Amino acid sequence: MMPPEQETTATTTTTPSIITIPSPILNRPPETGSGSVHAEPSSHINANPVCLDQVLAEHQPQSTPSLKYSSNSIFRESLRPVTLKFEDVGYTIKLRSKRGSCLVSSQHEAKTTSSSSRVVLNGVSGIVRPGELLAMLGPSGSGKTTLLTALAGRLPGKISGAISYNGQPFSSSTKRKTGFVTQDDVLYPHLTVLETLTYAALLRLPKKLTKEEKIEQVELIIMELGLARVRNGVVGGPLLRGVSGGERKRVSIGQEMLVNPSLLLLDEPTSGLDSTTALRIVATLRGLARGGRTVITTIHQPSSRLYRLFDKVVVLSEGCPIYSGHAGRVMEYFGSIGYAPGFNFMNPADFLLDLANGIATDIKHENVTEFHGRLDHHDDQNSIKQHLISSYKKNVYPALKAEIQENHKIPLRTSSSRDSENQWLTSWWKQFMVLLRRGLKERKHESYSGLRIFQVMSVSFLSGLLWWHSNTSHIQDQIGLLFFFSIFWGFFPLFNAIFAFPQERPMLIKERSSGMYRLSSYFFARMAGDLPMELVLPTVFVTVTYWMGGLRPSLITFVLTLLIVLFNVLVSQGLGLALGAILMDVKQATTLASVTMLVFLLAGGYYIQKVPAFIAWLKYISFSHYCYKLLVGVQYSENELYECEFGLHCRVMNFPGIKCLGLDNQWWDVAALTVMFVGYRLLAYVALRMGQPH
């Protein structure tokens, strides 16, 4: 068994591994001084393949080459190095007790207290300096993602222990200088790579940069991360084929690199990727760290080549640390406490994962049967884990705590710089316009889909044919058509709007957690972006059905009818947005919307004319009722007559189906719809505000 340092120098030379990695990002010299650290990407990228041995070689300090930059380039501004320290970090979650469940393992019982809570993290400590790449290792469920989320300042609930950034607690200015890449790539699938990074740059880069300078930074990121070949390709997703998984992961990293973060955290960036692509991504992260950044990543099962790129590792076992320190000393440490691999040239990461699972691999390779037989001995595994944890507390923790205390004195930022960083990087109007353009581009495939257009047009022509050239002698049929207007354009926009916020929730959480924009700018951009299609389709529908159905041939009456239907659409859309924002679950919101619209349908005033007094109040909360009243009111005049019997004419207002509506003061109906229009949207905004980070 070779230590990682010796393995680096013993790479075989017969068939060198070749991998295309942007060399400038990997060759940036580390600047370990206490002053400013500069990360300066080259404007010219050498795309030639570099040997893997060159990638894995240690980067020695060297003079920074002279490069050409824009005078306002953010990469020319000095980074504020962040020394991240976490000491005795603990986190506990409450569990929902399930009665009748008897299949509970002893491991979970050990981690579950009498108050139905589970310890996810227990006494995890470590220190990461600028220029270092730290990897968190451990089996599934060991708490890696929880710890990473806590270090990123995004973990809800109370966290015990101390986490500091240059000796200070997490703040809004720290949040904007922190990049966080989740395990699942949260990206808009229909945008191209260039569009995704451009919109992120317009939102996240400071106001002092012009649009051209922001786009210049996007081009630099694309070249540095090797995305030039797919810059105009759509990102894609589960239902849309786009760029590869590794390229999509690099797009996520590029979004965070736009702000030139001092602290970069990534959750399993190599999951689902082949070994070569994973190596390229981790080598890129190592290069970013060498530029003066503090980089932390969780990784599930790295290869030996990946492990050699790590500077430090933290190994977790069921939330408890069993090692925290330099990656090159891990084999020596576990060998000193009696744990050694069973054969030479074993991947250190595999060895660490076996230990974290309580499996001691100090056996020979041929004893496979005996090895697998020991896997079922939970008592043996638990005793190994307890020994590793106690050894960590005895041998590693005291020195680590002393190191954390020694590095406690960090130059603090001045209050003026902190105040300037607390401000939003872009104005409200700029955020609104960028989000509006992005939303229109992303949802144009959905809004202008042929299926929706076919759905509306087919219903409009069918309705026109069913009510073909009706007249006032068949007044029951005409008011039925008007009621159909109010019901159809109550259901259709309601169920479309329900999906708005639940579908965008992951993206909203991600971008709001990064301090990218105000919630109000996103909300109004979403409202405005939905208007074109929400208003175009009902306009076409009413235009076709109104004249085919033989309603009053008056331009003024037609325009008023159209305006009433459009107003009803906006009110219905607001109710859908509110239901979606409150429940944030499409299935629950759809079920509740179906029941609500059924009540509004029955209480609308068309089916039932004499409603019992104790339930008559339902019609006053039905926007379909107010819309129906307004449509009937503008369609018929006060003294208009219709043929009620052969040769006998009666006043339209005396028709039982109209008389029961009460068309005396229609401005009250307009006021009621206006209150609903504002109230539903206000309710949706408040629900979003309460459910999102500030």
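Every residue, even glycine, has its Cβ placed from backbone N, Cα and C.
Unlike curated records, TrEMBL annotations are generated automatically.
Copied over from TrEMBL, here are the features:
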REGION    1-44  region 'Disordered'
COMPBIAS  8-25  compositional bias 'Low complexity'
DOMAIN    84-343  domain 'ABC transporter'
TRANSMEM  451-469  transmembrane segment
TRANSMEM  481-502  transmembrane segment
TRANSMEM  523-549  transmembrane segment
TRANSMEM  555-582  transmembrane segment
TRANSMEM  589-608  transmembrane segment
TRANSMEM  670-688  transmembrane segment
Among 451-469, 481-502, 523-549, 555-582, 670-688, stretch most in contact with the transmembrane segment (589-608) (C-beta, under 8 angstroms): 481-502
Other parts of the chain folded back onto the transmembrane segment (555-582), taken as Cβ under 8 Å at six or more residues beyond its ends: 485-486, 489-502, 530, 534-535, 538-539, 542-543, 546-547, 589, 592-593, 596, 623-624, 627, 630-631, 634-635, 673, 676-677, 679-681, 683-685, 687-688, 691
Of 451-469, 481-502, 670-688, whichever stretch has the most CB pairs under 8 A to the transmembrane segment (523-549): 451-469
Long-range environment of the transmembrane segment (481-502) - Cβ separation under 8 angstroms, sequence gap at least 6: 456, 459, 463, 467, 470, 508, 526, 530, 534, 538, 541-542, 545, 549, 551, 561, 565, 568-570, 572-577, 579-581, 583-586, 589-590, 593, 597, 600-601, 604, 606, 623-624, 627-628, 631-632, 635, 684, 688
Averaged pLDDT score, the domain 'ABC transporter' (84-343): 87
